[in-house]
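Novice: Below is a structure I'd like to ask you about.
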Amino acid sequence: NPYISATLLFGLGLGTTITFASSHWLLAWMGLEINTLAIIPLMAQHHHPRAVEATTKYFLTQATAAAMLLFASTTNAWLTGQWDIQQMSHPFPLTLITLALALKIGLAPMHTWLPEVLQGLDLTTGLVLSTWQKLAPFALLLQIQNVNPTILVTLGLASTLVGGWGGLNQTQLRKVLAYSSIAHLGWMILILQYSPSLTLLALLTYFVMTFSTFLVFKLNKSTSINALAISWTKAPILTSLTPLVLLSLGGLPPLTGFMPKWLILQELAKQDLAPLATLAALSALLSLYFYLRISYAMTLTMSPNNLTGVTPWRFSSPQLTLPLAIATTATISLL
């Protein structure tokens with residue numbers, strides 16, 4: 001029903017906006033809750049057992065994270081008499097809130113729910129989960145001051161490494177995208193302490209790249225690496241561009257995805273964190289391996305000789321292809 005989906009999408013936007021606009025912890029928590037409650041019916045809308053399972057897992061993790069957040073903010077109010085997000089000073093609630101938000105966006109080592117949940121979802125809902133759902137917790141992470149840098153650096157580094165290693169043995173595209181999401185979030189968290197504007201830049205470029213990747217897979221109707229081998233017959237022009245999109249996700253110059261990584265490594269080196277920058281850069285190589293594997297499956301394998309007369313690529317829908325064209329161009333040439 002269009003009315004119901006409109007209401008849910010409005011709720012999704014409203015939850016994030018409330019969290020953005022709040023300076024009071026209770027209001028921020030409320031925004032996160034509205035957000036979670038709005039996406040749950042969207043996730044379970046196909047009534048497939050796998051989707052329902054994924055929705056349940058998502059609901060439990062998000063509820064846990066929200067409960068932790070509420071507990072930490074009430075503890076903070078109890079210890080310091082402060083409800084203001086910017087005025088956090090006590091280390092205990094600060095640490096708890098950081099961990100709660102890390103669980104919300106799926107940073108390692110609290111990441112295990114993300115691949116499971118994403119694998120059970122439709123690609124469109126998966127896209128919303130990988131992009132829009134990250135905004136509200138990120139707004140809160142950017143606002144809390146004086147959190148222990150060790151925690152953030154540990155979370156960030158663990159995420160880049162887990163995102164690299166976890167994606168290596170996956171054959172399902174949605175799980176690969178989930179691990180790629182974890183790795184990118186790790187990069188953002190690494191630099192959060194030293195340069196919040198760089199975190200936002202990385203988030204923005206990650207959104208653009210993920211958007212085009214999800215739309216490509218949606219256009220191909222493919223959910224596993226094997227299904228990509230016949231994408232030549234579905235969309236020949238797009239298939240030849242997709243490796244560039246994937247390499248952009250991996251962070252190769254001269255593509256867009258290189259920009260945030262380059263600037264983040266530069267900033268880490270400025271802060272005398274050369275070993276950290278080296279580890280992060282090496283973890284990007286892990287991610288690059290599985291992006292290359294997908295590219296290889298799409299373009300470097302022999303395409304089966306299907307009849308070109310029956311290929312559906314000429315009749316693709318404009319509401320899918322226009323955003324895809326914009327996102328792909330931005331992913332390849334924004335550097």
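Every residue, even glycine, has its Cβ placed from backbone N, Cα and C.
The following feature annotations were taken from TrEMBL:
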type: DOMAIN; residues: 22-286; note: domain 'NADH:quinone oxidoreductase/Mrp antiporter transmembrane'
type: TRANSMEM; residues: 59-79; note: transmembrane segment
type: TRANSMEM; residues: 91-114; note: transmembrane segment
type: TRANSMEM; residues: 150-169; note: transmembrane segment
type: TRANSMEM; residues: 176-194; note: transmembrane segment
type: TRANSMEM; residues: 200-217; note: transmembrane segment
type: TRANSMEM; residues: 229-253; note: transmembrane segment
type: TRANSMEM; residues: 273-292; note: transmembrane segment
type: DOMAIN; residues: 288-335; note: domain 'NADH dehydrogenase subunit 2 C-terminal'
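How buried are these features, and what lies next to them?
Specialist: Same-chain neighbours of the transmembrane segment (59-79): 25-26, 28-29, 32-33, 36, 40, 88, 90, 92-94, 96-97, 99-101, 103-104, 113, 117, counting only residues six or more beyond its ends whose CB sits under 8 Å from a CB of the stretch.
Long-range Cβ contacts of the transmembrane segment (91-114) within its own chain (Cβ-Cβ under 8 Å, at least 6 residues beyond either end) map to 32, 57-58, 61-62, 64-66, 68-69, 71-73, 75-76, 79, 133-134, 137-138, 140-141, 144, 146-148, 151-152, 155-156, 158-159, 161-163, 166, 178, 181-182, 185-186, 189.
Within the chain carrying the transmembrane segment (176-194), a Cβ under 8 angstroms from the stretch's Cβ atoms is held by residues 102, 105-108, 111, 114-115, 117-119, 126, 130, 134, 138, 141-142, 147, 149, 152-153, 155-164, 166-167, 170, 202-203, 206, 210, 213-214, 225, 249, 260-261, 264, 267-268, 271, 276, 280, 283-284, 286-287, 290-291, 294, all 6 or more beyond its ends.
Here the transmembrane segment (200-217) has Cβ contacts under 8 Å with residues 123-124, 126-127, 130-131, 134, 138, 142, 173, 177, 180-181, 184, 187-188, 191, 223, 238, 242, 245-246, 248-249, 256-257, 259-260, 263-264, 320, 323-324, 327-328, 330-331, 334 of the same chain, all six or more residues outside its ends.
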Novice: I need to check the long-range neighbours of the transmembrane segment (150-169): which residues 6 or more away from its ends have a CB within less than 8 Å of a CB in the stretch?
Specialist: 95, 98-99, 102, 107-109, 111, 115, 175-176, 179-193, 273, 276, 279-280, 283-287, 289-290
Novice: Cβ under 8 Å, sequence separation of at least 6 from the ends of the transmembrane segment (273-292): give me the contacting residues as numbers and ranges.
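Specialist: Answer is 153, 156-157, 160-161, 163-165, 167-168, 170, 176, 179-180, 183, 186-187, 190, 246-247, 249-252, 261, 264-265.
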Novice: For the domain 'NADH dehydrogenase subunit 2 C-terminal' (288-335), what's the mean pLDDT in this predicted model?
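Specialist: When the pLDDT values over the domain 'NADH dehydrogenase subunit 2 C-terminal' (288-335) are averaged, the result is 79.
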